[in-house]
Every structure is written in C-alpha cells, then in structure tokens.
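Some notes on the structure that comes next.
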C-alpha cells in the first residue's frame, strides 16, 4: 500500500463512521428523553399518546411539562438513596448484579420475578451513572425494592449473605456495620443474627448495628422499583 | 547479499549506500533500548500485580469469606484492580514497547529524543499506580474498562500523546516507499485508541451523556479497546514476527489488505452485542449483531494469511520461543473471533449473556491471543536490544506450558460452566416457572469457578518464571554472548541430534 492519504482517511473514517452511527445517533434519538406521565389522551383523536404533555389555552396537548398534579416517571430517588448509589458504585456491586430486564420471552427475567416489564431507555434518564451491568453472578436488581421491601432482610443479607441465602457466593459486607456496646437500651436497628450462626453472634452486652453507609446502601436498593408503566413499555401479562 | 541484489540496491536512490541492513537494524534497536526496556520492566511488574489481584478475586468467587473483612479487597474492587493493572499496566506498556519497536524497525529509522519517551513512561506508570490505588480505596467508577478515578485520565492521556507521537514520527521519517501491513495496523491503533479513550472519558465520566447513551458509549469503548487497540497491535506483531523468524514472505498481500480494511470497518460497530436485550433502540442492537457476524471476514482472511505462512514449518515454530507463543496467539485469535461472532447471534446470546461464558471469552481474547503474542514478541526483542541471549530454555518452557495449560483450563472451565449457568438461568418447566432457583445455579457454578483459580495459579507460576528470566537476562553480563546461536526450545533438524 503506497497511497498514504487514503490510508489515513480510511483509518479516520472507519472510527468516525461508528462514532456517528452508534454514539451520535443514539444521543440524538434517546439522549433527550425526559420523564413522562404514563400516557395522555389526545382530545382530538381520543388516542393515548406517549410523551410529556400539557394543554395550551385551546386545550391541545403541548410537549414539555406534565399536566398539573400529574406524577412523571421514572421518579427521582431520595437523597440518602443517591448517596447509597455512590456506595453501590465504589463497592463494585455492578460487576455481579445487572439492572436491566429483558422482554418477556427472551430469557427468563419475567419468570424469575425480576420485573413485570422490559426496561427501556427512558427508565434510566434520571440516573447520573447508568448501571446496566453485564453480569448476573447475582440476581438482577432493577426491581429489588419491589421484591424485597424489608430493610431488615437487606441488613442481614449484606452483613453475611449466608444468613438469608445459604450457598450464595456474594461476599459479606461486615465492614458496613459496627459492633458496639449496648447503651441504655438495645438499638432498634440491631441485627438479629440467626441462631444457627453462633460464631457470628456479637459478644455478650454488644450489638451489631448498620453504619450510615449501610443505611444509605439499603435505601438505594429499596429505591430500585419498577412499579410504573411507560407508554413504550407496559406490564407483561 | 547476492551480486545481483547488491547491484540493484546500489542504484536504488532510497537505499543508504554502505550500511548493511543488519547494522542499520541494530542501530535502531540501540536507539530504542532505554525506553523500550523501561516499558517492558514495568509491564512485567504490572503483570505480577495483576496476577495477584486476579487470584484474589477468583478465590473470592468460590470462597466468599476469603479476605472478606478488608474493604479495599472486596470482590468488585479486586477484580477491577486486576483488570486495570493488566490492561493499563501490562497490556498498554507491552503495546508501547512492541508497537514502537516494530514501527521503528519497519520504517528503518532510529528514534530521536528517546529521553522524552522515558519521561512519558514514568508518568504513565505513576498514573496507573494512582489509578489502581484509587480503585482499591473507593474511587472505583463502576464503568467497565474505565474503573480508574477520572482524575487520573489527564496524566494517562498526556503520557499517551508523548508516547504515541513517537510511533507517528518514526512513520514520518520512514525510508522506502512501501508500507508493510504491520505499519497500517500500528498506525491505525495509535490513532484509534486516544479517540476512544477521550470520547469515553468525556461522555461517561466528565460530562455524562443521558441515560443509556452512557452504556452504548461504554461498550463502544470497551469492545474497541480490544478490537482497535489490542487486536491491531497483536496482529501487527504476528504479521511482523511470523515471516521474519521463518524467513519466508507472508502468504498473500491481497488478503492482508482485505483483512485490514474489513477489520477497520466492522469491528468498531460490534461492541453493541454486549447490550443485546438491553434498554436501547433495537436497530442499534441489530447493527451490532450484523457487524459482529461480518467480523468473520477479517478473521478468516487473517487466519488464512497467518496459518498458510506458518504451515509446513511446524518444527521451526516449535523450536523458536517467539513463534511458539505467537502461533499459539494466532490460533487463539481465529478461534476467539469466530466464537465472538457466534455469541452475538440472539439465540446464542440469550444463553451466554450475563454468564461466566463472557468472562471466559474476554480472557480468551486478551490472554490466549493478545498476551501470548506479546510474550512471543518480547522473546524476540530482548536479545536484539541487549545483544545477549535468553539464559535458559527451560524457563521459557515453564512459562509457555504454564500459560498454555493454564489458559486452556480457564477457557474450558468458564465456557462450559458459563454455558451451563446460562442454560439453567433460562430453563423453564412445563408450567412456565424457572426450573432452577438462582441459588441452585450458583452452587452448580462453583466447581467451574474453582477451576479458574487453579488456572490462575498456573498462569501466575508462568508469570513468575517470566519475571525471573527477564531480570536474569537484564542483569546478565554486558558482553555479547551468542553461545551456539539463539536459545531454542527444540532442535531444529532431526539430524542435528544424531
């Protein structure tokens, strides 16, 4: 090969092509998605239409703002859950747990109870970092807040996954808890370690309580819910 | 040199008169000695660090209580430290050393101002060290292949520019008109990587794109690091060393052109197959699948070119340390790429996606192909730069067999285990309920995960043999020492032994 300008141009355009095709065009297509009401009815056609609308002075739907009093989805998560997301990130939970549900009939996500519907791009628009994950060494967590709403379960599971899921290969996160002397009265949050784990019991007069980080992480896990429908993704039958 | 050839050389205006090729090459080798050795020394050290974290995270997967109370070694962090130590510490620096060395030799030009390369190399290592420590101490970003805290990126980008520019300058000052296939691949890689890295850093970490555009960017980057950075340099090394050591030309020039352009065109669309079934527009997924399947073209073409060049020279391949590793790598490249194309098909992907099969596939590409080729290249380069031979054929054999058997065990374990895991994950009984509970699947996976730890130990033994041998050679006597020729792993001719 002697035609060097051609070589350079080829090298350049090969990547430019995929960058425009995959990244730029998906940014144009889905980068501007906003939270939306589940659907609205167009008064002209009586059709349900997708998107974010409110009505102008003539009663016609206008894109941009929800109708007064209407909730939009997905919803922002509370502040402690947002802190918990940062802990989820720095502990690397993503490397075993995905957060995406595939459509019914493709895989068995629906049958495993990981979500009632396929997740779509709009489900993720409020997340500062999207944690789709590509591994299911552990179960999918997209809707774990719906499945396991009890914080006590989560604390026990994080402290030692064997308490709740015997045979699990998830590492224990004991360092998110502290063992402290019982004060005037036992803390209401103190872990109730199952009696078949005698070696894990705190010493007499001590209790194991979740630290602030454990609380935030559990708040995040509980915030992961898929209990709303979007116009482009309805609950599967 | 034959009289006829020397005649033509003498009237060729581009040939420098009076300097034999070998002298010219050894000049080039000498000019690159200090920076290349620096990259290789640190690369070999990072290889050990990466192996350590690999074993820790592998054991944690079947024995969750292992080192469980140290937060900095929790699974997510240890495996990320492993990946980044290997990718940025070992693989990138092996690329810098091998790519720039091959480039300079093919361009027949000595490197100017190698001192700047040394400075850039030191900064690169500081960047990687800070990054890995950052991962372990809570700066993990949870973005696959970009786990280091984003603050490290400017240091790495700065060093990268300083280093890569040398490859391009060498190309600028090249002699002779024809540009060899290895040079196309290296040039391409040197341009592609910074683009990928900067776009991914900006669109995911600095000014995050909205929603799943992040995930698309992530896989565009992560898969292209393999396809447009590791793969081209690995192929460049195979294209350079295979004909060089065998002393015969590459099988077909036409096929190498076809292989290069089809790789450049298809590979960078293929990364989306990591998101099949995911929450992104379906047309993107289809494009990713098409591109992954089209990858069959460059792979088959390159395979024909490599294997037809090596065919009939089994004895030479077996005897030469360089070729033994490189041909192993070339065969793995063919296999791993065909498997990769198959994995992008929806029916296969629904089983393999989310399982250890993918992890096995990643190691197949990065270790069995890329790392083996880099090992082979280093076995060729070191004697030329240091003017002395590898001290021990035995240690090379230990290295080769540990690597070959180790990676073999890992590939079987993770592919078979991952396939079973995937099949059980989607299996439904007659009523439409999952046939296996999640915990059952995990328990069935544990023996396969255990086999990975065994393979990790073997690989690490090989790496330690390599480390010992590498520094033994560095510390060896300064004088040229050619003994009875190069260090070989087997006799070249049957008669020789008689």
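Residue positions begin at 1 at the first shown residue.
Cβ coordinates are placed from backbone N, Cα and C, and glycine is handled just like the others.
A TrEMBL annotation is a machine prediction, not a hand-curated record.
According to TrEMBL, the transmembrane segment annotation covers B:37-61 (among others).
Summarised as a single figure, the pLDDT of the domain 'Cytochrome oxidase subunit I profile' (B:44-498) averages 93. Marked as domain 'Cytochrome oxidase subunit I profile' by TrEMBL: B:44-498.
The transmembrane segment annotation in TrEMBL covers B:81-104 (among others). Sequence-distant contacts of the transmembrane segment (B:81-104), counting only residues of its own chain at least 6 positions beyond either end whose CB sits under 8 Å from a CB of the stretch, comprise 28-29, 31-32, 35-36, 39-40, 42-47, 49-50, 53-54, 56-57, 110-111, 117, 121, 124-125, 127-128, 131-132, 135-136, 145, 147-148, 156, 163, 166-167, 170-171, 182-183, 186, 189-190, 225, 229-230, 233, 236-237, 240, 366, 370-371, 374, 377-378, 381.
The transmembrane segment feature in TrEMBL is assigned to B:116-140 (among others).
Tertiary proximity for the transmembrane segment (B:152-173) is limited to same-chain residues at least six positions away from its ends with a CB under 8 Å from its CB atoms, namely 88, 96, 99-100, 103-104, 107, 109, 111-112, 116-117, 119-121, 123-124, 126-128, 130-131, 134, 183, 186-187, 190, 193-194, 197-198, 201, 205. Taken from TrEMBL, the feature transmembrane segment applies to B:152-173 (among others).
Residues annotated as transmembrane segment in TrEMBL: B:185-206 (among others).
The transmembrane segment annotation in TrEMBL covers B:218-241 (among others).
Here TrEMBL flags B:253-270 (among others) as transmembrane segment. Same-chain residues lying 6 or more positions outside the transmembrane segment (B:253-270) and placing a CB less than 8 Å from one of its CB atoms are 181, 184-185, 188, 192, 220, 223-224, 227-228, 231-232, 235, 239, 287-288, 290-292, 294-295, 297-298, 301-302, 304-305, 340, 344.
The annotation transmembrane segment is assigned in TrEMBL to B:282-304 (among others).
Sequence-distant contacts of the transmembrane segment (B:325-345) (same chain, at least 6 residues past either end, Cβ-Cβ under 8 Å): 231, 234-235, 237-238, 241-242, 270, 273, 276, 288-289, 292-293, 295-296, 299-300, 302-303, 306-307, 310, 317, 352, 357-358, 361, 364-365, 368-373, 375-377, 379, 400, 403-404. If you look up TrEMBL, you'll see B:325-345 (among others) marked as transmembrane segment.
According to TrEMBL, the feature transmembrane segment maps to B:365-386 (among others). Sequence-distant neighbours of the transmembrane segment (B:365-386) (same chain, 6+ residues past either end, Cβ-Cβ under 8 Å): 25-26, 29-30, 32-33, 36-37, 40, 86-87, 90-91, 94-95, 97-98, 101-102, 226, 230-231, 233-234, 237-238, 241, 244-245, 321-326, 328-330, 332-333, 336-337, 340, 396, 399, 403, 407, 410-411, 459, 466, 470, 473-474, 476, 486-487.
Here the transmembrane segment (B:398-420) has long-range neighbours at 321, 324-325, 328, 351-352, 355-361, 363-364, 367-368, 371-372, 375, 444-445, 447-449, 451-452, 454-459, 461-463, 465-466, 469, 489, meaning same-chain residues at least 6 beyond its ends whose C-beta is under 8 angstroms from one of its own. Summarising the annotation, TrEMBL assigns transmembrane segment to B:398-420 (among others).
Cβ atoms under 8 Å from those of the transmembrane segment (B:454-475) belong to residues 37, 40-41, 44-45, 47-48, 51-52, 54-55, 58, 367, 375, 378, 382, 386, 388, 390-392, 395-396, 398-403, 405-410, 413 of the same chain, restricted to positions at least 6 beyond its ends. The transmembrane segment feature in TrEMBL is assigned to B:454-475 (among others).
Non-local neighbours of the transmembrane segment (B:37-61) in the same chain are 67-68, 73, 75, 78-79, 81-82, 85-86, 88-91, 93-94, 96-97, 117-118, 121-122, 125, 128, 132, 378, 381-382, 385, 449, 452-453, 456-457, 459-460, 463-464, 466-467, 470, 474; each lies 6+ residues outside the stretch with a CB under 8 Å from one of its CB atoms.
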